[in-house]
Amino acid sequence: MIRVAINGYGRIGRSILRALYESGKRQQIQIVAINELAKPEAIIHLTQYDTTHGRFQPRVKLVDGQMQIGDDTIKIFHEPDPAKLPWRELDIDIVYEATGAILDRQSCEAHIHAGAKQVLISHPSSADVDGTIVYGVNHDLLRAEHTVVSNASCTTNCIVPVIDVLDKHFGVKSGAITTIHSAMNDQQVIDAYHDDLRRTRAAGQSIIPVDTKLARGIERILPHMKDKFEAISVRVPTINVTAIDLSVTLDKTVDIATVNQVLELAANGRFNGILGYTDEPLVSCDFNHDPRSSIVDGTQTRVSAGQLVKLLLWCDNEWGFANRMLDTSLAMIAAKQS
């Protein structure tokens, strides 16, 4: 049984906990502790009730300052300094670092000094970590000595499996990406101050361009794609599910049917459970609570002049990513035991 702690219990932290119980992985992973500065009553309430993902079916209670889910008791801490957390006493194997603020090796090593054996960051990190993993593509690179690992981003997890499939079958020369991302909690409900002037504006009233490092994230997973991709991102007034408009120029000449067939076969084969394929006339809310990293919308595939291919990909940017956090942590332990 893997003993884990969650540091930072926001959208991703809570999704990880709920995904653990819904995915059937509870027999492999035990959440021992949560560190979150919010009040315990709010922690319990937002675990039980969620606007995006609905009510959590197991009853969640606050008992003597701890979270209780069925027979499971999870300790709650409110410690701002990770180095002071009792990970050694709790025998923590992996910390899910989900604050969104601790992104480099030195900061993550506070968890190691506190007694945790490994750290998995739920965010793109600095380059000094032991590895950045997109599960299904490069998790085989994990090694026993790796202590600090990044799970990349939700959009990197969405797009990299597709690029990998296209490159292996047809060769990818270059690409351009537009991420159409649901609003996030770094935006404003009504106009308010922010360092990014576009993010001073009300999230529910505008399509808002934001900076993205997605192209660099692709390079970290697929180094041979260096300088081949560029990306832009806009935030839209929905609370969950993201679409990615991917355009790639291929080495080989293809048609729509060939591209879709290759992607559908990959979804049913090597990337089963990670990549999906649909030819139904669906909209973004149909992918809410989908545990896969990416779903190809085959109805939107286009080919121009035989080599320029445009794809539409969907992902639940919370739920899919939370499920990959679980998968990557299991892969980290497997590598450590090999």
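Cβ atoms are placed via backbone N, Cα and C, with glycine included.
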NAD(+) site partner of ARG11, ILE12 (as recorded in Swiss-Prot), chosen from ASN288, ASN317: ASN317
Candidates ARG143, ARG235, the one Swiss-Prot lists with SER153, CYS154, THR155, ARG199, THR212, LYS213 as binding substrate: ARG235
Cβ-Cβ distance under 8 Å to ARG235 (substrate binding site), same chain, at least six residues away: HIS181, SER182, ALA183, MET184, GLN187, ALA203, ILE207, ILE208, PRO209, VAL210
For SER153 (substrate binding site), the three-state class that DSSP assigns: coil
Residue, out of the binding-site residues SER153, THR155, THR212, ASN317, whose Cβ gathers the largest set of other Cβ atoms within 10 Å: THR155
Cβ-centroid neighbours of NAD(+) site ARG11, ILE12, ASN317, 8 Å, sequence order: GLY10, SER15, SER122, CYS154, MET184, GLU318, PHE321, ALA322
CB contacts for HIS181 (site 'Activates thiol group during catalysis') [other CB atoms within 10 A, all chains]: 22
Rounded distance in angstrom between the Cα atoms of ARG199 (substrate binding site) and ASN317 (NAD(+) binding site): 19
Maximal Cα-Cα distance (Å) across residues annotated as binding substrate, namely SER153, CYS154, THR155, ARG199, THR212, LYS213, ARG235: 20
